[in-house]
Amino acid sequence: MEKLVLIKVGGKIVEEEETLRQLLNDFAAIEGYKVLVHGGGRSATKLAAQLGIESKMVNGRRITDAETLKVVTMVYGGLVNKNIVAGLQALGVNALGLTGADMNLMRSDKRPVAEVDYGFVGDVKEVNADLLASLIHQGIVPVLAPLTHDKQGHMLNTNADTIAGEAAKALAKHFEVTLMFCFEKKGVLLDENDDESVIPEIDRIAFKGYVEQGIIQGGMIPKLENAYQAIDAGVKQVIITQASEIHQGKGTRVF
């Protein structure tokens, strides 16, 4: 089976000119089939403030009301996505920017109201893996924004880690997939204050122990839970690493 690397990047990596330039150079240097998934929450918060729209967060997750949905659609599907595509094209990478609405690539259901009403947020229900694989086999490099649709005419804000995980699981039917989650740290850390304390490998037993000890906490827990869901669905391996090391295989390998 042919190999494919799917990389998810977020935070300041895609929103600061110098870090984005370095990321795109490193991504362009990866040989073979590849997909890039990006976030953009900081840019969305900044634009919302400029427009006088309050950004509401609960447990680190954005509440997406009707006005906020307009902002994230503009920022994720427009500003951030097209800056990445333009940068990759300049490096000779035939990138194509997509949201889940394009060609019905990714359909979601609006998240039901529970303890918190997250608004226009989507939980992915269907990925058009055949279409995505067809684009990839044509030499196109998909750049996926964290937006889906409900096929009823509505866009939905969708977590970028979820987009990456669902795309990787769907593509595992067509490729041997390596899924990489990239952020500012070098990997999963034993000590959050020591950037060199990278845990090289984590299996399920170790993960459970680290959570119980409070070593792994916060946003890293759902990231690792997504990783194990991807592995269960056929993804070959998951790596959590720093964006500057995506072509070196460093970081934390999850298995």
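Every residue, even glycine, has its Cβ placed from backbone N, Cα and C.
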One of ASN128, ASN157, ASN193 listed by Swiss-Prot as binding substrate at the site of GLY40, GLY41, ARG62: ASN157
Cβ-based neighbourhood (8 Å from the centroid) of the substrate site, residues GLY40, GLY41, ARG62, ASN157 excluded: GLY39, ALA44, THR45, THR64, VAL72, VAL75, TYR76, PRO146, ALA160
Annotated substrate contacts GLY40, GLY41, ARG62, ASN157, maximal Cα-Cα distance (Å, integer): 12
Rounded to the nearest Å - Cα separation of LYS223 (site 'Transition state stabilizer') and ARG62 (substrate binding site): 17
